[in-house]
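Structure record follows, encoded as structure tokens.
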């Protein structure tokens with residue numbers, strides 16, 4: 001742990017060193033370098049101090065973590081509260097065979113505080129601790145009479161599967177899959193045969209990444225930072241631009257230079273996107289563990305793992321961005337209870353990269369034991385369509401946003417003399433957004449079938465949510481002013497799982513009331529049998 | 001177009017005063033933030049006074065109208081199966097939290113509540129978006145409601161987490 005902190009400190013000093021060399025040995029230059037250096041040392045030093053007397057133990061049904069020298073902090077988490085235990089390891093940690101343990105609890109869900117992390121645990125200890133915590137959590141839940149999955153006692157097997165090596169060594173480590181074939185002798189084959197690969201990497205999925213907004217975003221960010229940091233290194237991007245616009249634009253036809261510029265941006269985006277994709281998804285495997293949980297392992301430099309407990313699964317979300325949709329791609333995300341929204345949204349919280357629609361549907365069937373994303377369900381007609389007035393609301397919403405853009409560009413023209421040609425953008429958008437709004441209106445749909453709510457919306461980012469009714473903890477019918485005029489309403493199903501609320505947008509008010517009755521209870525439609533605080537009743541009416 | 005059923009009880013009539021005083025305090029704060037710098041510092045005077053005039057007019061209308069509309073719209077009920085409430089003044093919201101999903105029930109009284117003998121009851125579920133807030137209940141009634149709801153939810157199992 002201390003060596004890891006040292007390396008972090010050295011790495012952290014790089015910006016300071018850079019600043020020293022780039023800004024020269026001038027008075028201010030040294031001061032800035034010194035400042036950056038001191039700031040970058042704060043992190044690692046604090047890190048060492050926090051972990052110098054770092055202890056954890058499992059005792060009396062809870063996990064106790066004590067840390068710190070001057071200020072001792074003690075954290076105690078009852079085992080039955082533990083929902084997920086995930087292991088990840090950044091390169092610095094991996095050099096020393098260390099790992100980071102992230103423990104998700106149901107209690108922290110509301111505060112959004114994320115999860116408790118145990119940093120710099122020895123990799124093999126991390127795997128063992130994960131198994132112990134999950135087994136303990138299961139036993140504790142069992143003792144409390146909560147939902148208990150079958151084969152809880154099988155968790156001990158996990159201790160011997162060599163997961164620590166796999167995580168510490170990343171893709172180079174012995175692959176559990178190859179063992180399962182029986183190459184390394186019958187004993188190991190028997191021990192590991194139950195770990196079944198559900199989904200593995202298909203590098204063809206890179207195409208979805210390349211045709212995404214990222215491809216345009218990365219070069220834009222790069223260009224932005226070039227302007228920001230270029231002058232520090234003695235390169236002035238402005239002179240490049242002057243050269244480019246002055247010399248090049250004047251001498252070659254516009255088609256050539258515009259083409260070259262677009263090509264350059266796309267190329268940079270493609271290379272950046274590919275590198276990031278390879279780093280994030282190297283060695284990706286989603287396996288079904290013998291005890292029933294699903295485990296995702298991936299990452300080239302930073303290894304990440306994600307556990308999905310089917311007992312805590314309440315549905316799935318299928319996202320299809322416009323560009324992804326053109327290639328028949330989709331991204332599937334699980335809707336799980338007991339993890340915070342922050343954990344769900346985090347980079348390591350992704351269950352799959354963007355895959356094909358078929359692969360996503362197959363995975364959803366595997367996870368939920370039901371073909372919730374079957375082709376006939378995604379085809380038009382299965383979901384209940386929303387009224388035509390919903391389409392009108394989308395048209396209005398799109399045009400209002402467009403108007404805001406126009407106003408902003410107009411103000412920029414008026415106050416800062418930006419070129420008025422920029423106003424062409426909202427003018428063109430005003431036309432393009434009409435078919436987009438109509439397509440969006442057609443996308444809207446909902447249906448309650450076999451104990452799940454399915455809701456679909458969005459055009460640029462279409463999403464299909466499938467949420468089981470057993471995971472829903474309340475319902476709201478909401479009407480904005482415009483919705484009241486159009487006789488529309490949105491139904492929000494609230495839940496402790498996933499994004500905590502799932503919305504059916506723009507149905508007519510009567511339908512909304514009926515939906516809410518199914519999702520939240522009969523109160524929306526009929527009088528209850530018995531009221532509370534009835535002694536107050538007469539006075540209150 | 002059948003609306004969802006209206007919950008059984010209206011809120012306490014004093015709730016109008018609560019919203020009115022609360023809004024008036026907010027109005028005074030906004031004005032102070034905009035007018036004091038305008039008086040002190042000449043260069044920004046025009047723009048800050050303009051902002052004060054525009055925002056002040058809007059806020060004044062909201063402060064004077066919304067309490068009375070809210071009092072007519074807001075309703076609530078608690079039954080053996082759920083807490084059900086309706087709220088909003090230019091928008092509308094009907095919310096249900098089934099008793100079996102309720103995690104906590106709290107009554108809150110800030111100084112203004114105490115002055116008027118009112119309380120706010122907040123019902124939370126496992127969802128960060130599932131809170132039901134009933135504003136403007138008589139404080140004794142609120143206490144009884146919290147007690148009865150806590151008692152009733154103890155007999156239910158599971159909160160869908």
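Just so you know, glycine gets a Cβ as well, placed from its N, Cα and C.
Model, not experiment: these values are computed from the prediction.
Ranges compared are A:350-367, A:368-385, A:422-439, and TrEMBL records transmembrane segment for A:422-439.
Among the stretches A:29-49, A:255-278, A:422-439, the one making the largest number of Cβ pairs under 8 Å with the transmembrane segment (A:400-416) is A:422-439. When the domain 'YdbS-like PH' (A:51-132) is classified with DSSP, helix, strand and coil residues number 23 helix, 40 strand, 19 coil.
Counting residues of the domain 'YdbS-like PH' (A:442-516) by DSSP class, helix then strand then coil, yields 19 helix, 44 strand, 12 coil. Packing against the transmembrane segment (A:255-278) from elsewhere in the chain are residues 206, 209-210, 212, 214-220, 222, 244, 248-249, 300, 353: each is 6 or more residues past its ends and has a CB under 8 Å from a CB in it.
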